[in-house]
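Colleague: Quick one: this structure, given as structure tokens, is what I'll be asking you about.
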Amino acid sequence: TYVIAQPCVDVKDKACIEECPVDCIYEGQRSLYIHPDECVDCGACEPVCPVEAIFYEDDTPEEWKDYYKANVEFFDDLGSPGGASKLGLIERDHPFVAGLPPQNA
């Protein structure tokens, strides 16, 4: 599974959303999240991210390892909607992301 880490917070470029063939990248308030059950591990999202925020789970830098758990837990209440485009913006973030200081200040 791919993970979106800290460089995405408060940026949300969304190039990855356009590239994803299975519509598994969801938009939270401050960050984007990859649904671990819907992602097919194709990797199309990784090279198009202009801030290099997307990593394969095993390749996530040590300082951003907590983002894997945040990506998984973000979907605890949502379940598996089966496509991000029909949901649009989700007006919340994982508490780990929500608690970060503003990244674009």
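Glycine too: its Cβ is placed from the backbone N, Cα and C atoms.
According to Swiss-Prot, the protein carries these features:
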- Cys8, Cys16, Cys49: [3Fe-4S] cluster binding site (BINDING)
- Cys20, Cys39, Cys42, Cys45: [4Fe-4S] cluster binding site (BINDING)
- 30-59: domain '4Fe-4S ferredoxin-type' (DOMAIN)
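Locate each feature and note its surroundings.
Modeller: Around the Cβ of Cys16 ([3Fe-4S] cluster binding site), 24 further Cβ atoms fall within 10 Å across all displayed protein chains.
Of all the Cβ atoms in the protein chains shown, 23 others lie within 10 Å of the Cβ of Cys45 ([4Fe-4S] cluster binding site). When secondary structure is read from DSSP and collapsed to three states, Cys45 ([4Fe-4S] cluster binding site) falls in the coil class.
Computed over the domain '4Fe-4S ferredoxin-type' (30-59), the whole-number mean pLDDT of the model equals 97.
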Colleague: For [3Fe-4S] cluster, what surrounds Cys8, Cys16, Cys49 with a Cβ no more than 8 Å from their Cβ centroid?
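Modeller: Sorted by sequence, the hits are Ile4, Pro7, Val11, Asp13, Lys14, Ala15, Ile25, Leu32, Cys45, Val48, Pro50, Val51, Ala53, Ile54.
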Colleague: Taking the Cβ of Cys39 ([4Fe-4S] cluster binding site) as centre, how many other Cβ atoms lie within 10 Å?
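Modeller: Excluding its own Cβ, Cys39 ([4Fe-4S] cluster binding site) sees 19 Cβ atoms within 10 Å.
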